[in-house]
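Annotated features, as they stand in Swiss-Prot:
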type: DISULFID; residues: CYS31-CYS81; note: disulfide bond
type: DISULFID; residues: CYS40-CYS64; note: disulfide bond
type: DISULFID; residues: CYS56-CYS77; note: disulfide bond
type: DOMAIN; residues: 31-81; note: domain 'BPTI/Kunitz inhibitor'
type: SIGNAL; residues: 1-24; note: signal peptide
Amino acid sequence: MSSGGLLLLLGLLTLWTELTPVSSKNRPPFCNLLPEPGRCNAIVRAFYYNSRLRKCLEFPYGGCGGNANNFKTIDECQRTCAG
């Protein structure tokens, strides 16, 4: 690769790093999990962080099981994952 190409690549990587939100670098890994309704049959209002859309969304939680990307309130989800 030519020195001009390397310089362009370095510039693009630097720009991408600067534009990536700081919070995503410190976001807990479980925030990237898909919502998991669990194994029970209750329908409980819960929230999960959608890493593709970069926001918290509501989903029907079964009441038990599931994963750590499961919050009782949208505020808790936003503080933990969207911060």
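Sequential numbering from 1, following the chain as shown.
Placed from the backbone N, Cα and C atoms, the Cβ positions cover glycine too.
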*If you measure from the Cα of CYS81 (disulfide bond), which of the disulfide-bonded residues CYS40, CYS56, CYS64 is the nearest?*
CYS56
*Count the other Cβ atoms sitting within 10 Å of the Cβ of CYS77 (disulfide bond), across every protein chain shown.*
24
*Kindly report the helix/strand/coil residue split of the domain 'BPTI/Kunitz inhibitor' (31-81) according to DSSP, in that order.*
10 helix, 15 strand, 26 coil
*Tell me, if you would, which residue among CYS31, CYS56, CYS64 (disulfide-bonded residues) has the fewest other CB atoms within 10 Å in the structure shown?*
CYS64
*Using all protein chains shown, find which of the disulfide-bonded residues CYS40, CYS81 scores highest when you count other CB atoms within 10 A of its CB.*
CYS81
*Fill in the CA-CA distance, CYS40 (disulfide bond) to CYS56 (disulfide bond), as an integer in Å.*
23
*Inter-residue Cα distance where the pair is CYS64 (disulfide bond) and CYS56 (disulfide bond), in Å*: 20
_Inter-residue Cα distance where the pair is CYS77 (disulfide bond) and CYS31 (disulfide bond), in Å_ = 9
